[in-house]
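Engineer: Starting off with a structure, shown below.
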Amino acid sequence: MDTFQVIILALIQGLTEFLPISSSAHLILPAQLLGWEDQGLSFDVAVNTGSLFAVVIYFRNELWAMFKAWIASMVKGQHSDDSKLAWWIILATLPAVFFGFIAKDFIETHLRSAGVIAVTTIVFGLLLWWADKMSRRDLTVYQTGWRKALLIGFAQALALIPGTSRSGATMTAALMLGLSRDAAARFSFLMSVPVSLGAAILVGKDLAESPLPIDYQALTLGTVISFVAAYLCIHYFLKIISRMGMTPFVIYRLILGAVLCGFIFL
């Protein structure tokens, strides 16, 4: 890949990973518009790692408090709001892990098409709008509970379907279950840590076994750009939804889905 391609793809990954607008829908557009080939496994690992670093550093205080409380709950039997939240995040991760293992090959073979991505971008955009407008939105992140956490986890598993958007699906489910916009976003972001870490380890294992050469300069640049873009995205997204809700992202998804349909059918 040349430098321009690295910059564009890393920006797309960083900006779309945590917005409810589907990163896979955006990554398919450069290929459609510019005829770019697949960026490769090593680049995927690099930009995903950059996004992971961004959410870990942004929520470092919350994650550290949760980790300490989680350890205390196991060692000393001391339970607090932070320890409960940590357990809920772990519980919410399990459905994606389970369905990821059993459905990965089917999804890669049958669902990674532009048509599927276009449809899911539109359908789940409408579901996000409905959830944002019709739900009560008054629960904090510490009022999630294990049942709601598990249901949000199943929504995350559903997001294995390309175009759905992991953050979009989890925020939609959280809003439907009564969480506030801020709580839904924060729970979704915190959920991304174990999932992204697990995915990076699995893909990194495949990369280590690959005989293909590695362009370390491109990977470093991609990681840094993805990190900066994702960090800024998280910061400003939390500000936007507190003022405007999810409507701007719903409108964007509908337009994006229509554009993808245009590429497919015209």
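The backbone N, Cα and C atoms fix where each Cβ goes, glycine too.
Predicted, not measured: the structure shown is a model, and the values here were computed from it.
The transmembrane segment annotation in Swiss-Prot covers 1-21, 39-59, 87-107, 111-131, 149-169, 183-203, 218-238, 246-266.
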Engineer: Any contact between the transmembrane segment (39-59) and the transmembrane segment (87-107)? By contact I mean 3+ C-beta pairs closer than 8 Å, pairs at least 6 apart along the chain.
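Structural biologist: Result for the transmembrane segment (39-59) with the transmembrane segment (87-107) is no.
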Engineer: The transmembrane segment (246-266): which same-chain residues, six or more beyond its ends, come within Cβ distance under 8 Å?
Structural biologist: 19-22, 25-26, 28-29, 32, 114-115, 117-119, 121-122, 124-126, 128-129, 131-132, 168, 171, 175, 181, 240
